[in-house]
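J.: My questions will all concern the structure given below.
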Amino acid sequence: MAVLLRTTTSATTATSGGSSSATALLATTFRRGGRRLLLLPATRGSAPRRAALLTARASAEPLEVCAKASLTVPDRLGDCPFTQRVLLTIEEKHLPYDIKLVDLANKPDWFLKISPEGKVPIVKLEEQWVADSDVITQAIEEKYPEPSLATPPEKASVGSKIFSTFIGFLKSKDPNDGTEQALLSELTSFDSYLKDNGPFINGETISAADLSLAPKLYHMEIALGHYKNWSVPDSLSHVKKYMKTIFSMDSFVKTIALQEDVIAGWRPKVMG
């Protein structure tokens, strides 16, 4: 069974003088507890260009996104950092989209037909279902180049080893095996990079590399906090500020997984 969460658009906004402008604002509608919540994203760029961009996007067909359903709460997005990366990209591009939540423990036949390996995320682009977050985000960047989220090649791998070292530390049963130090080493390197080049990986503007790394840092924070009683040291102030900044972005808040789901999602690796 899949649950559909649909994005909507608002064609006009009121000006200070009480008139309406033609600026189209994209919004995502959620239903929680019988209430309808409308969330509006922030936008970047000059006002006329932004207005034209959003007007065009508002009339576009919503992208179809298959995502993991929550393990703990019905009709809620689940814990997949790769899916959140894709959703963050779509949000930052101000594109409308429909999410189809899939119970990965009981994969329906329709889902297995479009994703034979049974993996998420998978997005419908140009009438084709596309898998793998790397491929999906690159395809979205090419099809919708504005606003640009491209990360320069020389910066694209910044922070890329943090996730694997986090997993190594999380799974470790030996406090002296060096896995914690390996993670701290990667975080320290990233902190130094942000100090000299931040606040984001590509400087002043957020880019694809941030949208890939941030969901993984969120999982790191929740999972290590729960299973290891561990947190990023205060001495790594630039990393902590980076996480706080991105975690508070509208697009991140709208696509975030519940802490309970992150904890449940990592439990098999910890207990295995």
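Counting begins at 1 with the first residue displayed.
Heads up, the Cβ atoms here are built off N, Cα and C, so glycines get one too.
Below are the features I grabbed from Swiss-Prot:
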ACT_SITE  C80  active site, nucleophile
BINDING   K68, D79, K269  L-ascorbate binding site
BINDING   K68, D79, K107, V120, S133, H219, W266  glutathione binding site
DOMAIN    70-148  domain 'GST N-terminal'
TRANSIT   1-57  transit peptide
J.: Within 8 Å of the Cβ centre of K68, D79, K269, which other residues of the chain have their Cβ, at the recorded L-ascorbate site?
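T.: Surrounding the site, in chain order, are L71, G78, C80, D261, V262, A264, G265, W266.
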J.: Assuming the binding residues for glutathione are exactly those in the record, K68, D79, K107, V120, S133, H219, W266, what is the maximum CA-CA distance in angstrom, rounded?
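T.: The two farthest binding residues have Cα atoms 24 Å apart.
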J.: Counting only other Cβ atoms and using a 10 Å cut-off, which of the recorded positions K68, C80, K107, S133 scores lowest?
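T.: Sparsest of the recorded positions K68, C80, K107, S133 by Cβ contacts within 10 Å: K107.
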J.: Taking Cα-Cα distance, which of the binding-site residues K107, V120, S133, H219, W266 are within 10 Å of D79 (L-ascorbate binding site)?
T.: H219, W266
J.: Counting across all protein chains shown, how many other Cβ atoms sit within 10 Å of the Cβ of V120 (glutathione binding site)?
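T.: So the Cβ neighbour count for V120 (glutathione binding site) comes to 25.
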J.: Rank the binding-site residues H219, K269 by the number of other Cβ atoms within 10 Å of each Cβ, and give the residue at the low end.
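T.: Checked H219, K269; of these binding-site residues, fewest Cβ neighbours within 10 Å: K269.
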J.: On the 0 to 100 scale, where does the mean pLDDT of the domain 'GST N-terminal' (70-148) fall?
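T.: Mean pLDDT across the domain 'GST N-terminal' (70-148) comes out at 97.
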J.: With every protein chain in view, how many other Cβ atoms are within 10 Å of the Cβ of W266 (glutathione binding site)?
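T.: Neighbour count, Cβ to Cβ under the 10 Å cut-off: 22.
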J.: Run through the domain 'GST N-terminal' (70-148) and tell me, per DSSP, how many residues are helix, strand and coil.
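T.: The domain 'GST N-terminal' (70-148) comes out at 29 helix, 15 strand, 35 coil.
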J.: Sorry to bug you, but what's the C-alpha spacing from C80 (active site, nucleophile) to H219 (glutathione binding site), rounded to the closest Å?
T.: 9
J.: In terms of DSSP three-state secondary structure, what is the assignment for K68 (L-ascorbate binding site)?
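T.: Going by the DSSP assignment, K68 (L-ascorbate binding site) falls within a strand, counted as strand.
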J.: At a 10 Å cut-off from the C-beta of D79 (L-ascorbate binding site), count the other C-beta atoms across all protein chains.
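T.: There are 26 such Cβ atoms around D79 (L-ascorbate binding site).
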